[in-house]
Structure formats: C-alpha cells, structure tokens
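Novice: One structure coming up, written as structure tokens, with questions to follow.
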Amino acid sequence: VADAMAGETLPDRKNEIVAAMITITTVATFFTFWRLYVRYKLNPKFGWKGLSDYLIAAAVLFHIATNVLSVTSAFYGNGKLDRDPDLTPARKRVCNKLLFISSVCNITTMFLIRLSVASYLVNLYFSRGYKTLVWITVAIVIICNFLLPSVNFYAYCRPIAMRWDPRVKGKCLTTRIRLMSAYAQASANIVTDLVYTASPIVYLMQVKLPKRTQWGVRVVFLFALSGTILSIIKLFWLYRILQLKRDYLYEGVSLTLISGLEVGVGMITANLPPLRKTFEGILGRVLPASMLSSTSRGTPSDGMGHACNSTVKRSRMDETARSDDGESEVGILEDYGKKGPGIWKTTRVTIENYEDAEGIQPHGARTRM
C-alpha cells in the first residue's frame with residue numbers, strides 16, 4: 001500500500017494558476033498602459049489631468065503584485081491536495097502567508113479600480129441626480145470594499161499570524177462574521193457594477209450618437225456586466241470554500257482564478273472609455289456598414305444639459321474646454337456634437353419662464369436643416 005501511495009500521481013493545479021495569472025496580468029496591464037499613453041498624448045504638457053488615471057495606475061501596480069504572489073504561492077503548494085507529500089507543513093505556512101498578502105493586494109486593487117471609475121463618471125455631464133448616485137456608490141465602495149475587508153484581514157484573528165500559521169495561538173472571530181463581511185463586499189460590487197454599467201445606457205437614451213459609437217458603448221456595457229456575473233459566481237465559491245475542512249488549497253484555486261478574472265475584467269472595463277475611438281475603428285472593420293451608418297434618434301434630456309445652453313458662445317466655450325481635458329463625455333464620445341453631413345444653421349431662441357431640471361434657462365439651440 002505504501003509503495004502504491006508513493007507511485008500515485010496526485011492532481012496539482014499549479015499550472016492553472018500560473019497560466020491564468022500571467023494571462024490576466026498581461027492583458028489588464030496592456031490595456032492600462034495603453035489607456036495611460038492615450039491620456040498622456042491628449043495633454044502631454046500637464047500629463048494625466050484626471051484623478052482616475054492616477055488611481056488606475058496605482059491599481060495596476062497592486063494587480064501585478066497580487067498575481068505575482070499568487071503565482072509564487074503555486075510553487076509552495078497552492079493547488080495541491082493535503083495528502084500530497086510535497087506539501088510539507090513549512091511550505092503550507094509559506095503558501096498561506098502568500099495567499100493572505102495576495103488577498104490584501106487584490107482587495108486594494110478592486111477598491112482603486114472602483115474609485116477610478118467613480119472619479120471618471122463624476123466628470124461627465126450627467127444629471128445632478130445621477131451624479132449624486134455616483135457619490136453614494138463612492139461611500140458604499142469605501143465602506144464595503146475597504147473598511148469591512150480591512151477589518152476582516154487585520155482584526156479577524158489576533159495575532160494576525162494565526163491566518164497562516166496554525167502553531168500560533170490566539171483568538172479569531174466566528175466564520176459567520178467573516179462570511180457576512182464577504183457578502184457585504186460582494187453585494188457592494190454588484191450594486192456599484194450596476195450603477196456604473198448603467199451609464200452607457202444613460203448616454204444612449206439622452207444623446208444623439210452615430211451607430212458606430214452606440215455599438216462601442218454597448219460593448220463597454222456588456223463587458224462591465226460580465227464583471228457583475230463574476231462577482232455573483234465568486235460569492236458562491238467563497239461560501240463553498242469557507243465550508244471546507246480539508247484540501248482548501250486545491251479547491252480554492254477556482255476562487256483564486258475567479259477573483260483574478262473579476263479584477264482583470266474590471267480593470268479592462270475601466271480603461272475602455274478613453275480607448276473608444278480605437279475600438280470604434282475595429283468595429284468599423286468587423287461589423288457591416290449598414291449597422292454603423294445611421295445615427296441614433298434619441299434626444300438630449302434635461303440632465304445632460306448639452307442641447308441648450310445659456311448662450312451659443314457659452315456652448316462653444318464649454319465644448320472646447322471639455323474636449324481639451326479628455327475627461328468629459330466630449331472627450332469620450334467625440335462624435336457627439338460634431339456636425340455631420342448636411343446644412344447646419346444656428347438659431348437663437350428666447351424661452352421665458354422656463355427652467356430645466358438643473359435650473360438653467362436655455363436661450364440657444366442648434367437645429368439641422
């Protein structure tokens with residue numbers, strides 16, 4: 001029996017971890033540096049103007065650190081069964097410590113990504129109500145994606161070394177508290193994902209965009225929605241892993257891969273809007289011309305505040321300023337506000353005793369003949 005055990009080939013998921021983490025890191029880092037390059041080219045004199053750029057740059061550094069630690073843990077036993085002779089107690093302690101630090105970096109990465117997206121959205125000319133909703137999500141992100149995970153990581157066990165070394169004696173909170181914290185974090189991810197992914201739909205409803213731009217916006221929406229689905233799947237796997245009594249390093253690989261993919265998708269999605277023109281060109285080569293030729297018939301609504309401004313001069317100044325910063329919706333959706341084929345004229349209209357939803361009295365409007 002002993003000889004049979006010695007000759008048995010036990011399953012090892014190390015290669016899954018290494019391949020997945022390298023792929024996710026490479027793709028997410030590529031999109032991030034591509035986005036930063038495009039943003040820098042928009043304004044090389046002042047560099048990155050938006051806070052979202054600095055946040056996403058910090059996020060990619062933590063993302064790289066997360067996956068480097070995950071890959072390293074695979075060489076110390078992550079992905080092995082408990083009965084694997086290579087998984088000695090000493091190696092298991094090192095593996096658990098690497099996974100703990102990796103989890104801290106992973107949470108920090110997701111926190112920075114969501115702050116970056118929120119920072120990007122508050123610079124867009126949405127309605128006051130939608131901006132308020134974005135600020136509410138910022139509060140949710142700080143509480144559920146930073147404060148609660150911090151308590152879970154640093155206060156769950158005292159001393160903290162109990163998290164990776166079973167030889168250390170101390171006290172830990174109940175698994176129920178840890179699970180509640182994880183549920184709150186996952187729920188916050190889902191809620192904020194839905195708010196952030198709704199922004200492209202808000203645009204499609206309120207502004208007139210070419211079909212090509214509409215398809216680009218839909219791609220962003222669908223890609224972001226996949227991150228929401230991953231958050232739900234991650235919640236299921238987290239519950240399953242917390243119930244395990246053994247072989248958690250082997251079974252937990254699925255959770256590691258889903259968490260890494262969730263962060264990678266979130267980072268790619270956060271980088272897509274500044275790269276809209278590039279993807280629009282790709283769509284132009286892939287999709288039939290009939291799908292991209294016409295323009296949306298949607299009309300701007302009150303909250304967007306673009307169709308009518310206080311004066312024609314103010315409208316031109318605002319659009320110039322917003323297009324220069326690369327941060328506003330004019331920079332993202334450059335086709336919006338551009339004159340297409342046909343004859344255009346500017347008509348000055350005076351409207352008395354009327355205020356839109358933002359309290360602005362519009363006096364000028366542009367019409368197409």
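Glycine too: its Cβ is placed from the backbone N, Cα and C atoms.
Owing to the predicted nature of the structure, the values given are computational and were not obtained by experimental measurement.
Taken from TrEMBL, the feature transmembrane segment applies to 17-34, 54-77, 98-121, 133-156, 177-199, 219-239. Annotated domain 'Rhodopsin' per TrEMBL: 34-279, in sequence order.
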Novice: Who are the long-range neighbours of the transmembrane segment (177-199) in its own chain, taking Cβ under 8 Å and residues 6 or more past its ends?
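Specialist: Same-chain contacts beyond the ends: 107, 110, 114, 117-118, 121, 124, 126, 130, 133-134, 137, 140-141, 143-145, 148-149, 151-152, 156, 221, 224-225, 227-228, 231-232, 234-235, 238-239, 242, 262.
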Novice: Applying the under-8 angstroms CB criterion, which one of 17-34, 98-121, 219-239 scores highest with the transmembrane segment (54-77)?
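Specialist: The stretch with the most close Cβ contacts to the transmembrane segment (54-77) is 98-121.
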Novice: Note the mean pLDDT of the domain 'Rhodopsin' (34-279), expressed as a whole number.
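Specialist: Mean per-residue confidence for the domain 'Rhodopsin' (34-279): 84 out of 100.
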